[in-house]
């Protein structure tokens with residue numbers, strides 16, 4: 001791996017600007033055009049006497065590092081901005097110009113580049129150097145972690161911030177609420193955080209309410225399945241939102257509809273759509289696609305198609321998610337002609353198939369034992385410039401397995417390893433299922449051992465596939481030994 005090149009040094013122009021505009025106690029030279037005995041006319045002083053700007057922030061007499069760094073960040077000159085920051089940081093008088101506002105901008109910049117570990121390390125080093133971090137610096141790091149999917153780290157920073165007595169702002173709470181929702185935190189934790197906001201005297205805004213409704217939509221990973229999503233709580237949040245003077249937006253209603261759809265409360269979801277129309281809010285592509293997907297999963301194809309036709313009649317252009325839902329619906333019903341018609345319509349609507357489109361086609365043809373179609377779709381996918389990812393490889397292995405093409409399934413597995421894609425539990429189970437269908441128990445044992453070597457914990461499906469391999473290979477003794485060893489009987 002080629003080491004990353006160091007950030008470029010700051011240009012002489014920037015260095016001169018920063019140096020020449022530093023405050024100085026030395027007297028300024030007299031302009032030769034101005035007589036030395038010239039007495040300035042008296043002017044009314046605005047603002048405090050010690051204010052160098054005389055109360056006029058628009059006439060700043062020098063450039064600040066914060067302004068330069070913000071400007072460089074705006075024009076995507078992040079490496080140069082970092083060089084300016086390091087130059088300021090290494091100056092003897094850095095404490096005069098280096099503050100947490102500058103730090104917050106740099107942390108945010110690193111987060112947007114995906115350099116979250118570097119941002120955390122920088123913040124830690126600044127703390128060691130004696131800089132008192134404020135809420136804006138902490139919030140920038142929390143946001144950086146959240147934007148890069150490192151939710152646990154975001155929560156840890158939030159807790160550390162509270163332990164140090166640094167009080168969160170509304171923005172901090174909103175970011176953490178979103179993190180809690182994405183982590184699938186229990187509703188008690190989420191509502192407890194909101195109560196903490198209220199106790200601290202922080203008023204909820206429309207973003208807070210919309211985030212809370214999204215949390216109800218996502219559901220919790222820590223609660224019982226029957227209580228995983230909370231449409232009733234979502235409606236309570238909506239009522240509180242309106243009582244606080246905030247009007248629900250399209251985002252609000254889409255989150256509510258999604259919460260009801262995920263709980264299979266499709267009639268209530270349609271009522272919500274009617275309610276939003278009555279309030280003058282037109283459904284968008286997300287609204288229609290959510291409803292269409294809900295009807296598709298419930299097996300109500302006619303209702304799904306009615307939603308699609310209504311969408312078209314309203315002049316709402318379908319997106320790739322809409323087409324993917326239709327492809328899945330027709331494919332799962334064995335309506336391959338209709339499915340491919342939708343696929344062709346994607347191109348006519350100036351849409352581009354995404355990885356979900358290709359994986360859905362592969363899965364549908366594979367489930368129906370259509371190996372030539374599987375190979376054809378995979379070739380088209382590669383021709384379109386898509387690089388197979390783990391889900392694609394897993395789908396291909398399962399597809400060839402169901403087609404009885406065990407050698408092709410294993411060839412895909414080998415290609416997956418050669419591409420540097422690490423198998424997961426689904427990958428191993430797909431391979432074991434393929435080998436089991438062919439009664440290839442010896443290869444199944446090798447895969448099972450490989451799986452344990454990389455600390456991938458087998459599940460019930462894994463053991464069932466291994467038993468299936470022994471049964472098809474007529475290895476009854478091995479099958480009974482496995483049953484006894486893992487107490488499956």
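Glycine too: its Cβ is placed from the backbone N, Cα and C atoms.
Here TrEMBL flags 1-11 as compositional bias 'Pro residues'. According to TrEMBL, the feature compositional bias 'Low complexity' maps to 12-28. Residues annotated as region 'Disordered' in TrEMBL: 1-59. Taken from TrEMBL, the feature repeat 'PPR' applies to 134-168, 169-204, 249-283, 284-318, 319-353, 354-388, 389-423, 424-458.
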Task = By DSSP assignment, list the helix, strand and coil residue numbers for the repeat 'PPR' (389-423), in that order.
result = 26 helix, 0 strand, 9 coil
Number of helical, extended and coil residues in the repeat 'PPR' (284-318), per DSSP = 26 helix, 0 strand, 9 coil
Request  = Quickly jot the same-chain residues contacting the repeat 'PPR' (424-458) by Cβ under 8 Å, restricted to those at least six beyond its ends, or write none.
outcome  = 390, 393-394, 397-398, 400-401, 404, 406, 409-410, 413, 416, 465-466, 468-475, 478
Query = Can you tell me the mean pLDDT for the repeat 'PPR' (134-168)?
reply = 94
